[in-house]
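Student: Straight out of TrEMBL:
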DNA_BIND  A:21-60  DNA-binding region
BINDING   A:G95, A:M96, A:G97, A:N98, A:L99, A:G100  NAD(+) binding site
DOMAIN    A:84-185  domain 'CoA-binding'
Protein chains: 2
Amino acid sequence: MTATSAAKRGIPDATVARLPGYLRALDGLVAQGVGSVSSEELATSSGVSSAKLRKDLSHLGSYGVRGVGYDVGHLRYQISRALGLTQDWPVAIIGMGNLGRALASYGGFAPQGFTVVAVLDRDPAVVGQRVGDLVVQPMEVLPSLTEGGQVAIGVIAAPAASSQDVADQLVAAGFSSILNFAPGVISVPDHVQVRKVDLATELQILAYHEQRRTSPGADLEVAR
Amino acid sequence: MTATSAAKRGIPDATVARLPGYLRALDGLVAQGVGSVSSEELATSSGVSSAKLRKDLSHLGSYGVRGVGYDVGHLRYQISRALGLTQDWPVAIIGMGNLGRALASYGGFAPQGFTVVAVLDRDPAVVGQRVGDLVVQPMEVLPSLTEGGQVAIGVIAAPAASSQDVADQLVAAGFSSILNFAPGVISVPDHVQVRKVDLATELQILAYHEQRRTSPGADLEVAR
DNA sequence: GACTGTGAATACGTTCACAGCT
DNA sequence: AGCTGTGAACGTATTCACAGTC
């Protein structure tokens, strides 16, 4: 219904959402040449409690050594494998406005196993322009991207008004995972995974807490 | 400890996170000239179940009418008020790389009650450049932004390597809410709210589900 | 008759605290 | 002695289902 349609016999959603954080912390340790960590140390560098970390890792298997800790390299590999990052995931970005360009140029995915293989826009004036190493392609190429059975993740960076339209085209082309940066809800068939990133929502959540700081008990008030 | 340090006698976190979605759906209805909605209709346009919607709204008060539904304008106002959006929130963005520029130029906040009032960068070569309507300022101006007691929300769009440094400067300048786009954890004092938006994390979560689709029961396997 | 608001039931997530292994 | 892995306890979120109101 909403976002994640419950995984049958898999890793709990809350845990999956934290695994990338552990992975990043482990990469930091690898870079520092650290070979082994305790749950306490790894938890601190990931910003969680050690009990939560251990529970999370216990869902992947028993990869620690009692009395010692976790082997950094091995744990890193196991988390990668659990997340499906032993393969590289090609990604297509739709919508080459400010945000789309920023995402396309941002080097942040590549090291994590994601490669932007195509950038598209429906505006003929934008098609053909260079963005980073790529040339903007028209929407018509979408179906060809999924042909090898490879590209499966689409990123919607189009304006809200056309996000449902883009989502429909992604689904029709055979994409099964969508990361949506456009505000608002998009509806897709059950078998398609959608995740949403929304700036305005995040700011509004911060505003709520910020406001509570200054006017504490403004809960029950004259309702008009 | 982690992110949200539990609200005393407030609206549940999960509810707060969904209110912006309801607000957006209500704005759509206002634009269509609709004056009244049922929980079922509003839930559908917000992508949640009607029971969840009603429970969420019940935390704000009783603003519906049994047998009828909710008055769109009044509910919109009540949610705005609960979120603290009856005032406008000035925002400062730190880091004018690709992402920072995209965020600064993105018009998406303004209608929601957020105004980007300052954009900063620590690189002297970037300081002075125009980004949208603003001129990039040096980091030194940070403390002056909070002087009127006004600017309280800072957006970190700097690279991961300097995100902790930027966070420290925001905290020192008196910011009490931070939206962090840089990968990795930042640590701040308890009274500072932090929310994180991380691309790579979202893609990794999608990859997990995507991988499960293709290789279903790859859970217990030879552990090396 | 229609639709809200909510207690009760259930599911999910986190924390505690300790048994079990090295 | 040190640290993991995990059952049991607790807390939070979601769903159900219906009493209450218009």
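Placed from the backbone N, Cα and C atoms, the Cβ positions cover glycine too.
TrEMBL entries are annotated by machine, without manual review.
What you are looking at is a predicted structure, and each value in this text was computed from that prediction instead of being measured.
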Student: Who are the chain neighbours of the DNA-binding region (A:21-60) in space, where the CB to CB distance is under 8 Å and they lie at least 6 residues beyond its ends?
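Tutor: Residues 11-12, 15, 68-73, 75-76, 78-80, 82-83, 85 contact the DNA-binding region (A:21-60) from elsewhere in the chain.
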Student: Under 8 Å Cβ-Cβ to anything in chain B: which of these binding-site residues pass, A:G95, A:M96, A:N98, A:L99?
Tutor: A:N98, A:L99
Student: For the DNA-binding region (A:21-60), provide the mean pLDDT of the predicted model.
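Tutor: For the DNA-binding region (A:21-60), the model's average pLDDT rounds to 97.
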Student: For A:G100 (NAD(+) binding site), name the DSSP secondary structure in the helix/strand/coil scheme.
Tutor: helix
Student: So how many other Cβ atoms are close to A:G100 (NAD(+) binding site), meaning within 10 Å of its Cβ?
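Tutor: That number is 24.
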Student: With DSSP, how much of the domain 'CoA-binding' (A:84-185) is helix, how much strand and how much coil, in residues?
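Tutor: Going by DSSP assignments, the domain 'CoA-binding' (A:84-185) contains 32 helix, 26 strand, 44 coil.
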Student: Residue counts in helix (H, G, I), strand (E, B) and coil for the DNA-binding region (A:21-60), per DSSP?
Tutor: 28 helix, 2 strand, 10 coil
Student: Using a 10 Å radius around its CB, how many other CB atoms surround A:L99 (NAD(+) binding site)?
Tutor: 25
Student: For each of the binding-site residues (A:G95, A:G97), count the other CB atoms lying within 10 A of its CB, then report the residue with the highest count.
Tutor: A:G95
